[in-house]
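Enquirer: Relevant sequence annotations retrieved from Swiss-Prot are reproduced here:
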type     : residues : note
DISULFID : 38-42    : disulfide bond
DISULFID : 57-149   : disulfide bond
């Protein structure tokens, strides 16, 4: 099971998006991840996270259902398709596409980890990966420091 290393407790380290308003502080897609869980064949992935709006942390769990193309689909602030694209024991990088109720599309990158900020080298890789996804460097947010929600 390739996905065994995905399971467990994680924190969001960095988020990038081509629509910055969605992920800036208090943005609806600034997700502070806490836990990932897969069922046996990982056809379902459960993601538990907080969103912080008006200094209120609200905890949410969504279940992503694996699609034929390998992405997971779930509903949160619209329609989402996400997938892990890179995983090590320390970090997982997800790409995600959100289409909100107004039909606006946002492409995102989430980096989750074990409470450690990105090294300069990891940050550099993230900048390159963001560019490949047409996301400018200034839209990369290191969100670990702003995560004040319960562990």
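Every residue gets a Cβ built from N, Cα and C, even glycine.
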Enquirer: Counting across all protein chains present, how many other Cβ atoms fall within 10 Å of the Cβ of residue 38 (disulfide bond)?
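Expert: Other Cβ atoms found within 10 Å: 18.
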Enquirer: If you count other Cβ atoms within 10 Å of each one's Cβ, which of the disulfide-bonded residues 42, 57 has the most?
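Expert: Comparing the disulfide-bonded residues 42, 57, the most crowded Cβ belongs to 42.
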Enquirer: About how far apart, in whole Å, are the alpha carbons (Cα) of residue 57 (disulfide bond) and residue 38 (disulfide bond)?
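Expert: For residue 57 (disulfide bond) versus residue 38 (disulfide bond), the Cα atoms are 24 Å apart.
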Enquirer: List, in sequence order, the same-chain residues at least six positions removed whose CB sits under 8 Å from that of residue 149 (disulfide bond)?
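Expert: In sequence order, the residues whose Cβ lies under 8 Å from that of residue 149 (disulfide bond) (at least 6 apart) are 32, 50, 52, 57, 59.
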Enquirer: When DSSP states are folded down to helix, strand and coil, where does residue 38 (disulfide bond) land?
Expert: strand
